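Student: One structure is given below, represented as structure tokens, and several questions about it will come after.
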Amino acid sequence: MAAAAATPTASSGLIRYAAAAPAHSHHQARCSSARPSLLALRHRAARPAPFDYDGDETGDDHPREECGVFGVVGDPDATSLCYLGLQKLQHRGEEGTGIAAAGEDGTIKLERGLGLVGDVFGADPTRLARLPGHAAIGHVRYSTAGAAASLRNVQPFLAGYRFGQLAVAHNGNLVNYHALRNKLEAQGSIFSTSSDTEVIQHLIATSLSRPLLARICDACERLAGAYSLLFLTADKLLAVRDPFGFRPLVMGRRRNGAVVFASETCALDLIDAAYEREVEPGEVVVVDRRDMSVSSACLVPHRPRKSCVFEHIYFALPNSVVFGHAVHERRSAYGRALAEESPAPTADVVIPVPDSGFYAALGFSQTSGLEFQQGLIRWHYSGRSFIQPSQAIRDLAVKLKLAPVHGVIRGKSVVVVDDSLVRGTTSSKIVRLLRDAGAREVHMRIASPPVIGSCLYGIDTPSEGELISNRMDLEGVRRTIGCDSLAFLSLDKLHSIYGDEAPEFCDACFSRNYPVLPTVPEPVPELVSAFED
């Protein structure tokens with residue numbers, strides 16, 4: 001393919017297209033500076049180290065959504081419905097899960113474990129049988145560094161304080177977690193986990209307000225960052241969303257009147273609950289299970305909405321409605337816009353990187369007029385591969401998860417559409433896989449802008465130094481992954497898809513425009529032990 005001129009977008013300064021260029025070409029423009037910013041330094045101080053992706057050479061090169069929440073109140077099968085809902089949200093967290101249920105006597109019981117929802121609860125039906133009641137909340141999670149094997153970090157968390165029991169499930173990330181924890185520990189609080197969710201429990205327990213709703217409001221006024229929360233007491237289920245609305249949280253209702261909350265609407269669909277609305281940013285919804293009354297209150301002062309655009313790009317299932325938009329329609333729109341910006345005129349066929357690249361590739365095909373084919377088949381049952389003694393074996397393990405369809409690829413110029421490109425490791429393996437399968441040319445098209453910043457709001461992304469578009473210019477990225485041409489959806493084009501709604505979405509991973517900055521913990525005086533002389 002002939003070399004194409006590299007042209008930065010007007011507002012972002014990011015090159016969005018690169019093709020194999022002659023050796024004498026020296027033109028370069030960087031996606032961003034690799035020099036650590038003040039934000040990066042604050043981020044490192046305020047957040048645990050990112051998940052170690054190097055432990056899984058065949059893992060997906062995508063950020064990881066850290067949590068999903070589900071809750072139901074007013075149904076005699078609340079626990080079983082919660083189990084089903086969590087299974088539908090499994091893609092949001094695969095390393096641990098739990099369910100807390102309130103019995104008829106008001107006692108809350110908790111069951112949780114490491115692994116998939118089906119492994120934790122399906123393999124041992126007695127676990128669900130130990131959770132009777134008409135109200136339940138549940139949680140699925142990914143872990144950050146060092147916590148993968150720790151059951152104590154698996155939610156929901158259940159604690160007792162002077163007003164009774166309180167269970168909580170949290171999706172998000174508090175950017176002032178360490179600062180709050182330092183202050184609480186200096187005041188004598190004792191923590192048993194490394195999760196920021198435990199801070200919320202302590203803030204509620206130490207609040208002087210009454211009733212519980214006021215205590216939750218007091219606690220949330222001190223929180224900064226992203227949180228979609230479900231609380232369960234003996235007689236109430238409460239749903240809370242942060243004032244920026246970073247993470248999704250929706251409300252639905254079953255035909256018998258039971259009220260349901262979930263991170264995504266796909267979980268409502270599974271249990272035949274009709275979608276009613278989002279829990280609004282800054283809102284707390286209270287459902288009293290004694291009379292099934294539903295009330296709502298403004299939790300904290302209004303903030304400009306900043307919903308995570310990556311929910312549409314990658315995390316949410318395509319059959320969900322998130323932030324008022326059908327996810328599959330958003331992804332198709334990204335693909336159509338990508339084809340308009342960065343066509344591949346010499347290509348013969350468009351294939352997606354399964355599964356999240358499917359609708360973007362379909363949109364690219366529709367706009368470009370190129371044939372759409374499933375040229376890569378994902379194997380969903382391989383799990384994580386730890387025994388990989390040599391590079392040759394690791395390369396074979398990649399083929400276990402992604403297998404080329406030779407009849408679609410051999411002798412063709414192929415456009416490969418993926419939803420995002422983070423570290424570049426998976427993309428380079430896909431390019432090699434396609435070339436080995438006989439592809440004449442491989443053109444990578446990414447249906448989102450270059451990822452240049454880590455997420456602070458509940459997504460486990462690599463550090464900025466590991467983000468390939470933060471370390472290299474576009475041509476450097478293209479050479480590293482080995483494709484014939486590479487193009488990203490520009491940030492301007494992404495904004496144009498949302499029109500007037502664009503300012504309501506957080507795009508900090510693409511722009512470094514962070515709505516809420518981390519709080520660096522302040523030094524606190526050490527407590528003097530009562531046992532010291």
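Glycine too: its Cβ is placed from the backbone N, Cα and C atoms.
Quick paste of what TrEMBL says about this protein:
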ACT_SITE  C67  active site, nucleophile
BINDING   C308, C455, C506, C509  [4Fe-4S] cluster binding site
BINDING   S356, D418, D419  Mg(2+) binding site
DOMAIN    67-290  domain 'Glutamine amidotransferase type-2'
Student: Across the whole of the domain 'Glutamine amidotransferase type-2' (67-290), what does the mean pLDDT come to? Round it, please.
Tutor: 93
Student: C-alpha of C509 ([4Fe-4S] cluster binding site) to C-alpha of D419 (Mg(2+) binding site): distance in Å?
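Tutor: Each residue's Cα considered, C509 ([4Fe-4S] cluster binding site) and D419 (Mg(2+) binding site) end up 14 Å apart.
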Student: Relative to the Cα of C455 ([4Fe-4S] cluster binding site), which of the recorded positions C67, S356, D418, D419 has the closest Cα?
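Tutor: That would be C67, the closest of C67, S356, D418, D419 to C455 ([4Fe-4S] cluster binding site).
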Student: Could you give the Cα-Cα distance between D418 (Mg(2+) binding site) and C308 ([4Fe-4S] cluster binding site), in whole Å?
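Tutor: One finds 19 Å between the Cα atoms of these residues.
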Student: Taking Cα atoms as reference points, rank the recorded positions C67, C308, C506 by distance from D419 (Mg(2+) binding site) and give the first.
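Tutor: Nearest in space to D419 (Mg(2+) binding site), counting only the recorded positions, is C308.
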Student: Taking D418, D419 as the binding-site residues to compare, which has the smallest set of other Cβ atoms within 10 Å?
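Tutor: Each of the binding-site residues D418, D419 was scored by Cβ atoms within 10 Å; lowest is D418.
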Student: Can you tell which of C308, C506 has the least company, meaning the fewest other C-beta atoms within 10 angstroms of its C-beta, among these binding-site residues?
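Tutor: Taking C308, C506 as the binding-site residues, the minimal 10 Å Cβ count falls on C506.
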Student: List, in sequence order, the residues of the same chain other than C308, C455, C506, C509 whose Cβ lies within 8 Å of the centroid of the Cβ atoms of the recorded [4Fe-4S] cluster site.
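Tutor: Leaving out the recorded residues gives F246, V309, F310, L456, Y457, I459, D507, A508.
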